[in-house]
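This report concerns only the one structure given below.
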Amino acid sequence: MATTVVAPPGAVSDRANKRGGGPGGGGGGGGARGAEEESPPPLQAVLVADSFNRRFFPISKDQPRVLLPLANVALIDYTLEFLTATGVQETFVFCCWKAAQIKEHLQKSKWCRPTSLNVVRIITSELYRSLGDVLRDVDAKALVRSDFLLVYGDVVSNINVTRALEEHRLRRKLEKNVSVMTMIFKESSPSHPTRCHEDNVVVAVDSATNRILHFQKTQGLRRFSFPLSLFQGSGAGVEIRYDLLDCHISICSPQVAQLFTDNFDYQTRDDFVRGLLVNEEILGNQIHMHVTTREYGARVSNLHMYSAVCADVIRRWVYPLTPEANFTDSTAQSCTHSRHNIYRGPEVSLGHGSILEENVLLGSGTVIGSNCSITNSVIGPGCCIGDNVVLDRAYLWKGVQVASGAQIHQSLLCDHAEVKEQVTLKPHCVLTSQVVVGPNITLPEGSVISLHPPDAEEDEDDGQFSDDSGVNQAKEKAKLKGYNPAEVGVAGKGYLWKAADMNTEKEEELRQSLWGLTINEEEESETESERSMDSEELDSRAGSPQLDDIKVFQNEVLGTLQRGKEESISCDNLILEINSLKYAYNISLKEVMQVLSHVVLEFPLQQMDSPLEANRYCALLLPLLKAWSPVFRNYIKRAADHLEALAAIEEFFLEHEALGTCIAKVLMGFYQLEILAEETILSWFGQRDVTDKGRQLRKNQQLQRFIQWLKEAEEESSEDD
């Protein structure tokens, strides 16, 4: 199902004529010049108004990420203002999750007025599951006619892409359309607050042409491997850069959408970049980069980035996108600016003795009691703050009520949340819409409270991408289930997002996903972690056709390897068969690695009727690893791939505890066959966020001896260097 907001007839062409002086020009010789040099077509943009991940759950269970208010303005409004300011005249907004809310917001905004310089067309579908699906739809509908900008709806930027666009077009003109994408980066030190650890990248680039030669997410690693071929034969030299912030803004040729159609395993932009760099010699396509030093660009991928970008807006680093500029033309968002970055909306009341220290935004109609201390905080419209309240790096959305004596530190309170008397919120707490906490309670650091009970999440997962996916069922369950006063206070309303069987690891995982406190090997992206869905997201799709496809794909891979062993089929042909299965079942690269690792480790068990003891299992497995090592090396290339394979190996040995004693031999086999690198094995072994069983597995004496041997080998290698 798809809907489109149709622009006024001739709107794009009329506006293009106005910008270009109209048909025929305004003076003698205009027609001749037009004949000699055709003016570029109107600039288009593809705006993806969905992240295709759950990084903002449970906040985004109530409203989509692109409508979350940042400094009291919806995120998508920042993105559209950036696109319009940079010269975009037509934007296709693709929506999936909560599409009706996004559509309603846009239709009421200035972007859908006849006078808008940027014609916004809204396309909705419940079938989109990734950026790849969106771009395949762009190609199927033939929406883009020339180079276009590709952005997510949570990008905040003031970058003028004109120069980058000119460079991109010139490259394509001189090199016969070889360059298909220009990625925009901002020069930024690794310690900068707006550097999102999950998006940190190391880039190898041709010094003369800015052509990207290698692109790798750091995944928390400190050492990286680069193909030797990068440094051979490059006349101008190669730069290795770790001082870049990915703005998630890309200039794309129409070929990009076509390449996503041709490669169904491309789900994210990272998949696309990786695929093109790996196959550059075969496909002949190149990717370039443009680096800005003074302008601003960032993506709000988690609450850490939300806090950092919001602070930058308040501190005026994103000028001219400042709160008092009111670029949305909404009377409700008008405000004044004074010293120390204090912004006040209309009809704000400030009680006696209350202090607004610095970097504070007060929304319209907000009432603040006496003797309050507020610093580095944003308060939405219609909020009511009691007496003696302390707000430090607090983000309050519309209609929030905070009673007297409350203290809120580095936390987020969504629409119409209520904090009772004498409540303290430690850092990184989240109260979603209409939650009530208190009185006289302290919420520990990282507490997430929602009116949606966590155990209702699984019931909603089957329809998680539709507008009303089980919401009514969840509310009914909430009515039947009482709130826990120990968690939310005697007058509280809400559920601590901790199911009865959720262990400490999963609680930490929830905090990480919201605030991005630690490295998450997954995203990307998409989450922009963005390569593919993690195991939790796969679980959430129980009963979906995709899971059935993965099971069928696993059986097909098993059959392929069995036939390969029996008929001595070459590894090159096995790779071709696995690739054809991958395309047939629309399986992501990560899922291929998971399935391949699982199938090969299970293979000796599949061939025997009786249980195998550890030594016999190793004797059967290691020759298979040697025979199929080229297949593994074909799919395990990046550091993230190594860690995914190690996670699959760990999962196998946790499921088969009787074989646990031979994990060291298996890892040694992977290492000696150059499938897994020593630094990634050490990184995996040193992971702190593991289950009790995972910790027990790491206490295996043979495994610890192997790890010690690896460390000594690494130290000897470093000394030799």
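Glycine is no exception: its Cβ is also placed from the backbone N, Cα and C atoms.
Bear in mind that the values here come from a model prediction, so they are computed numbers and not experimental data.
Annotated compositional bias 'Gly residues' per Swiss-Prot: 19-33, in sequence order. Annotation source Swiss-Prot lists compositional bias 'Acidic residues' at 456-465. Residues or ranges marked as ubiquitin cross-link in Swiss-Prot: Lys61, Lys103, Lys141, Lys217. Per Swiss-Prot, the feature N-acetylalanine maps to Ala2. Taken from Swiss-Prot, the feature omega-N-methylarginine covers Arg19. As annotated by Swiss-Prot, phosphoserine applies to Ser130, Ser450, Ser466, Ser469, Ser532, Ser540, Ser544, Ser717, with the evidence given as similarity to another entry. The phosphothreonine feature in Swiss-Prot is assigned to Thr322.
When the recorded sites Lys61, Lys103, Lys141, Lys217 are scored by other C-beta atoms within 10 Å, Lys217 scores highest. The closest partner of Lys103 (ubiquitin cross-link) among the recorded positions, by CA position, is Lys61; the full candidate set was Lys61, Lys141, Thr322, Ser450. Considering only the recorded positions Ser130, Lys141, Ser450, Lys217 (ubiquitin cross-link) has Ser130 as its nearest partner by CA-CA distance. Candidate recorded positions: Lys61, Ser130, Lys141, Thr322. Nearest to Ser450 (phosphoserine) by Cα distance: Lys61. Ranked by how many other Cβ atoms sit within 10 Å of their Cβ, the modified residues Ser130, Thr322, Ser450 place Thr322 at the bottom. Across the structure, Thr322 (phosphothreonine) and Lys61 (ubiquitin cross-link) place their CA atoms 28 angstrom apart. Taking the Cα atom of each, Lys141 (ubiquitin cross-link) and Lys61 (ubiquitin cross-link) are about 30 angstrom apart. Look at Lys103 (ubiquitin cross-link): DSSP puts it in a helix.
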